[in-house]
């Protein structure tokens with residue numbers, strides 16, 4: 001119990017009759033796991049992590065009477081492995097992950113008196129599983145009393161049974177079963193379909209399975225452009241079929257398809273086509289399939305102009321103009337390759353804004369024929385893109401299929417090139433940087449250098465080396481020189497006319513009045 005065992009020990013004594021290894025870490029039962037303990041009668045391996053059971057894992061166990069594998073992770077069992085255990089009487093497989101029970105599963109368990117398959121993942125099984133069970137077959141052949149036949153307890157509860165036509169035979173078996181087969185819990189419940197969830201087996205009546213039969217109310221549809229179109233097909237089948245739509249041999253996206261049951265053996269599938277365009281025209285195929293086969297129905301869709309059977313040419317009126325049906329148009333946004341239009345329908349057109357269609361005509365100003373775009377109700381903006389640069393265009397908006405009237409057309413010219421806009425942006429950036437640099441220069445330095453003569457600035461570089469080679473007096477004078485002490489507007493304050501460097505100021509004589517100190521404010 002709770003030992004860190006990862007495999008069956010190899011040194012088990014040969015005369016052992018009972019082995020119990022529980023809450024350990026066993027993950028599989030390999031071939032010949034118990035070949036040295038042929039006298040084994042009881043094998044308990046509950047609550048481990050066994051996921052794989054080899055078809056010869058029970059080899060050399062002819063005396064085995066009880067096998068318990070409760071609480072493991074088995075999704076399937078090699079049922080033919082029980083050919084090596086002809087005397088097995090108790091088989092406990094509850095709380096595993098079994099989802100399939102083949103028809104021959106119980107054929108090799110002739111002496112079984114207890115079978116527990118509860119709390120697994122069984123959804124659909126055939127009644128032939130139990131019709132092939134030797135215990136059941138013996139009970140059907142016996143003509144006299146059944147006292148000589150041992151009872152067999154069968155546990156099948158707490159499984160997610162799907163109560164459709166595929167479970168019909170098993171439900172009938174459960175309703176009619178009797179001694180020597182005894183159900184541990186006879187109240188088996190349905191987990192699906194939704195309309196049968198929670199019902200007991202004895203409350204449902206299941207029909208026979210049928211191949212899907214598809215149909216549609218109208219297989220030829222003609223619709224105006226711009227509308228939201230819903231194509232519908234009905235399927236009658238049992239069990240419930242899988243339904244999908246295809247267009248031009250391509251599977252359509254699932255989020256545009258809605259499939260829901262309308263009765264026990266019928267479903268309705270709808271395909272939504274938002275704002276249908278002429279390019280959406282063609283054959284749409286609804287296909288349904290279950291395990292008995294598949295069938296399909298095709299719906300032909302034709303998309304035309306909302307109020308005209310042919311595409312208008314140029315600016316020719318498509319119908320007589322209605323009095324008061326006027327549209328005001330303006331450009332909301334313009335780019336190099338397109339514009340965004342906004343319009344407002346007045347008078348009669350505004351009486352029913354939720355039902356008013358618009359016709360948008362777009363083309364080059366000198367073109368004889370314009371492109372026609374139909375705008376559905378409730379929309380009053382549209383963006384025209386992919387236009388040629390430096391080209392003159394004309395756009396008109398009309399109510400319904402009327403010809404555009406005065407004031408309903410806009411003439412515009414697209415930009416010459418994107419590069420010009422980029423160059424303009426770069427120029428703005430350079431101007432901003434230069435202004436920032438100018439503002440960063442101290443105000444006093446700007447005033448000083450602005451009033452100095454250009455000639456002086458040219459002579460200063462030649463004077464600077466001589467100044468650096470000056471004596472101690474010059475060095476002392478340079479320490480006292482500040483920006484505030486520079487005379488403004490004087491050429492002598494910076495350089496001498498003969499090209500020499502400015503002399504350092506003389507130290508003031510005792511008793512002589514010192515000129516007043518000039519600060520940066522005086523420079524202004």
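Every residue gets a Cβ built from N, Cα and C, even glycine.
Here TrEMBL flags 212-304 as domain 'Ig-like'. Annotation source TrEMBL lists domain 'Fibronectin type-III' at 325-417. Here TrEMBL flags 468-524 as region 'Disordered'. Residues or ranges marked as compositional bias 'Basic and acidic residues' by TrEMBL: 493-512.
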DSSP on the domain 'Ig-like' (212-304): how many residues come out helix, how many strand, how many coil?
6 helix, 63 strand, 24 coil
Residues in the domain 'Fibronectin type-III' (325-417) grouped by DSSP into helix, strand and remaining coil:
7 helix, 48 strand, 38 coil
Averaged over the domain 'Ig-like' (212-304), what pLDDT does the prediction give?
90
